[in-house]
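> Residues or ranges marked as ATP binding site in TrEMBL: B:Lys7, B:Phe8, B:Gly9, B:Gly10, B:Thr173, B:Asp174, B:Tyr179, B:Arg184. For B:Thr47, B:Glu74, the entry in TrEMBL reads substrate binding site. Among the features that TrEMBL reports, domain 'ACT' is placed at B:264-338, B:344-409.
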2 protein chains.
Amino acid sequence: MGIIVQKFGGTSVGTVERILNVANRVIQEKENGNQLVVVVSAMGKSTDQLVGLAGQITERPSKREMDMLLTTGEQVTISLLAMALQEKGHDAISFTGWQAGIQTEARHGNARITNINPDAIKKELCAGKIVIVAGFQGFSDVQQITTLGRGGSDTTAVALAAALNADKCDIYTDVTGVYTTDPRYVKGARKLEAISYDEMLELANLGAGVLHPRAVEFAKNYSIPLEVRSSMENERGTIIEEETNMEQNLVVRGIAFEDQVTRVSVLGLRNELTTLSTIFSTLAKQGLNVDIIIQSTTSDNKTSISFSVKTGDLEDTISILEQHKSVLNYEKIEFESGLAKVSIVGSGMVSNPGVAAEMFEVLANEGIEIKMVSTSEIKVSTVLSAEDMVTAVDILHSAFELSKEVAKV
Amino acid sequence: MGIIVQKFGGTSVGTVERILNVANRVIQEKENGNQLVVVVSAMGKSTDQLVGLAGQITERPSKREMDMLLTTGEQVTISLLAMALQEKGHDAISFTGWQAGIQTEARHGNARITNINPDAIKKELCAGKIVIVAGFQGFSDVQQITTLGRGGSDTTAVALAAALNADKCDIYTDVTGVYTTDPRYVKGARKLEAISYDEMLELANLGAGVLHPRAVEFAKNYSIPLEVRSSMENERGTIIEEETNMEQNLVVRGIAFEDQVTRVSVLGLRNELTTLSTIFSTLAKQGLNVDIIIQSTTSDNKTSISFSVKTGDLEDTISILEQHKSVLNYEKIEFESGLAKVSIVGSGMVSNPGVAAEMFEVLANEGIEIKMVSTSEIKVSTVLSAEDMVTAVDILHSAFELSKEVAKV
């Protein structure tokens with residue numbers, strides 16, 4: 001008998017009927033003899049409705065009051081799920097973020113968890129109760145209600161699993177697991193049995209969207225095995241765990257991709273030690289996220305810097321660069337929109353130096369031009385024309401034989 | 001400059017438009033140079049919607065989980081009102097019950113406030129902020145979210161006024177004040193300028209419905225002047241304060257009435273010291289509220305007891321009496337439904353012994369039969385046929401000259 005943390009997202013608890021369904025899933029695990037902590041999000045559309053109410057009052061609501069408003073969403077779900085479990089004959093109790101002892105930084109809208117005091121939860125678990133906890137929310141040391149930002153309920157679940165020394169953390173969602181690539185685009189996409197934290201991080205950062213990166217980081221740091229699985233179908237999902245536990249024979253484990261990418265080039269910069277840091281700290285201060293960065297030096301001791309941004313951030317990026325032209329001291333800015341990023345991810349790359357070369361070759365053979373490249377130990381990213389994106393993913397998926405079932409080790 | 005507590009009920013904050021209107025009322029008082037604490041209820045129908053969600057899950061939700069669910073209603077309103085005030089350029093901050101330091105008994109659904117720690121509110125007031133507090137809710141010493149039961153937001157407002165040593169507490173509602181009687185039934189009904197706590201208590205208990213009795217009691221105990229006024233119209237309401245501050249020349253200040261009254265008679269009881277207490281403690285244990293009680297002793301040393309109950313409680317009352325027949329040891333039960341209660345209320349009665357007699361005479365002259373009578377120092381209640389109720393109120397209103405404006409003292 002161990003402690004299991006389960007997390008159900010907004011779609012899984014979107015209606016009363018689904019909440020009753022979630023109750024059944026919870027009871028099933030409870031009847032396997034486990035102690036259960038269940039983290040839930042706000043019901044489906046309720047967050048949008050609350051945001052809509054605020055929008056009728058002001059275009060720029062204070063973050064503190066938005067936290068106050070939005071945290072009611074999960075509070076509704078926890079009470080309804082507790083009622084559903086009680087109605088089905090099981091002892092259950094619901095906790096808001098502050099009742100569950102989830103302490104965060106004293107900032108609103110995107111606070112990080114700083115500490116969890118699990119005493120209240122442990123007490124109820126020992127009393128045989130199923131404990132339901134509101135995801136996404138916490139409280140600061142000055143007794144303010146805070147929220148954890150996007151994907152916050154995942155983080156709540158993993159952090160609770162760490163604080164409770166849980167045996168595992170199951171993330172129930174509207175997909176059945178983590179796939180080699182997006183099955184909506186690639187017919188041969190296959191559900192993975194297992195994937196490492198690092199691979200999942202790379203896939204999550206690249207837009208796979210199943211699990212929030214912060215939650216994966218947390219799970220990695222505390223070695224909490226995660227399972228991503230469907231709240232609707234009763235089948236096994238994908239385990240996310242330490243690399244050492246896993247089959248090693250796959251060099252590439254997944255392919256991530258996203259469009260709406262723009263390349264920005266800042267040309268004719270003076271080649272000074274501080275040039276790079278000045279540009280990117282200026283952008284970071286304005287909250288702009290830059291992805292792939294390439295620097296090239298020309299013969300006249302000038303340097304050029306290219307980087308990719310989300311197309312939606314292009315306007316702000318250009319405007320900030322122009323505002324700081326006197327400090328940055330560049331000649332001109334160019335940009336190219338309509339691009340996409342395609343990345344192959346796999347822990348096996350570390351010991352397989354030819355993987356990047358193979359990727360470039362596969363793309364070249366198809367006549368696909370690579371505009372930017374970035375590599376890490378377990379990932380190779382390429383920027384290419386958005387028109388080529390799906391084709392590129394498709395041929396890479398075949399080339400690295402991702403559709404094939406792999407024998408268990 | 002003083003502290004004013006304002007309370008706005010569910011109808012007054014029922015839509016975003018009304019919340020913006022409330023913000024204007026708050027700002028008006030703030031600009032008069034006062035420090036403001038604003039207590040709000042859940043938006044109009046939102047409590048019903050939440051109850052409806054629970055009802056889809058279970059017919060008998062736990063009180064603890066209902067408290068968890070329902071308290072989200074006020075939390076939504078406080079954040080929206082804070083946003084509205086901020087949008088209009090005023091510094092405001094919202095507090096849930098626990099943030100506002102409202103401690104209650106550790107019971108759910110109907111907890112009493114045990115203590116208020118106003119430090120957090122005072123700090124924000126000193127910083128020049130308008131403080132918005134969620135009505136109806138508190139927290140127990142074991143960190144549970146509790147609610148105060150019906151009329152709870154009124155109680156929150158008055159209790160905060162007491163804890164903050166406020167100058168006054170304004171209860172904004174959907175009526176313009178306290179009337180001599182219900183203006184929907186009696187054409188000459190007149191808004192009172194002032195009324196004493198005790199009179200208001202008698203009127204509230206008798207169904208005037210403007211203010212919750214517990215809130216009036218609280219105000220009386222801490223000598224907090226209340227004003228009941230309209231959130232829609234900008235006119236003075238009715239002040240509720242100590243009798244000593246008021247005009248004394250009205251003997252009767254108001255007439256309360258309610259129908260759906262049933263008289264139950266328990267006949268042929270043994271005339272023992274414990275008979276009365278046994279019957280009414282048995283009923284009280286089952287949560288049944290008994291109103292007027294009359295005992296009469298017959299010649300054979302037997303006794304009969306009649307009491308009035310709400311017609312909706314009749315079935316339960318009879319059933320409990322029958323269950324306990326062996327202990328109570330009575331001969332038979334009779335009841336008469338279709339009755340109403342009409343009461344005259346006024347502090348002046350204490351020094352005017354003829355008031356009750358005058359009431360009986362007025363009713364007798366109209367041919368109205370009085371079936372039960374009960375008197376207190378400031379109230380005379382009569383039970384009569386429901387058919388006679390409106391006529392009785394009308395003629396009493398005239399007989400005691402309640403339509404007349406009274407000169408200010």
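Each Cβ is built from the backbone N, Cα and C atoms, and glycine gets one as well.
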> Quick one: what's DSSP say for B:Tyr179 (ATP binding site), helix, strand or coil?
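DSSP assigns B:Tyr179 (ATP binding site) to strand.
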> Name the residues of the same chain, 6+ apart in sequence, whose Cβ is under 8 Å from the Cβ of B:Gly10 (ATP binding site)?
B:Ser41, B:Ala42, B:Met43, B:Gly44, B:Ser46, B:Thr47
> I need the CA-to-CA distance for B:Tyr179 (ATP binding site) versus B:Glu74 (substrate binding site), whole Å please.
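The separation of the Cα atoms works out to 29 Å.
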> Please list, for the domain 'ACT' (B:344-409), how many residues fall into helix, strand and coil according to DSSP.
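Each residue of the domain 'ACT' (B:344-409) counted once, the result is 30 helix, 16 strand, 20 coil.
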> Can you tell which of B:Glu74, B:Asp174 has the most other C-beta atoms within 10 Å, given these are the binding-site residues?
B:Glu74
> Mind tallying the domain 'ACT' (B:264-338) by DSSP state, helix then strand then coil?
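Going through the domain 'ACT' (B:264-338) residue by residue, I get 28 helix, 28 strand, 19 coil.
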> Kindly state the mean pLDDT of the domain 'ACT' (B:344-409) in the predicted structure.
87
> Which residue among the binding-site residues B:Lys7, B:Arg184 has the fewest other Cβ atoms within 10 Å of its Cβ, if you could check?
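So among B:Lys7, B:Arg184, the binding-site residues given, the one with the fewest Cβ atoms within 10 Å is B:Arg184.
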> Work through the binding-site residues one by one (B:Phe8, B:Tyr179) and point out the residue whose CB has the fewest other CB atoms within 10 angstroms.
B:Tyr179
> How many Å separate the Cα atoms of B:Thr173 (ATP binding site) and B:Glu74 (substrate binding site)?
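So the Cα of B:Glu74 (substrate binding site) lies 16 Å away from that of B:Thr173 (ATP binding site).
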> Looking only at Cβ atoms, how many others are within 10 Å of the one on B:Gly9 (ATP binding site)?
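A 10 Å sphere around the Cβ of B:Gly9 (ATP binding site) contains 21 other Cβ atoms.
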> Expressed to the nearest Å, what is the distance separating B:Lys7 (ATP binding site) and B:Glu74 (substrate binding site) at their Cα atoms?
12
> To the nearest Å, how far is the Cα of B:Phe8 (ATP binding site) from the Cα of B:Glu74 (substrate binding site)?
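With the alpha carbons as reference points, the distance is 11 Å.
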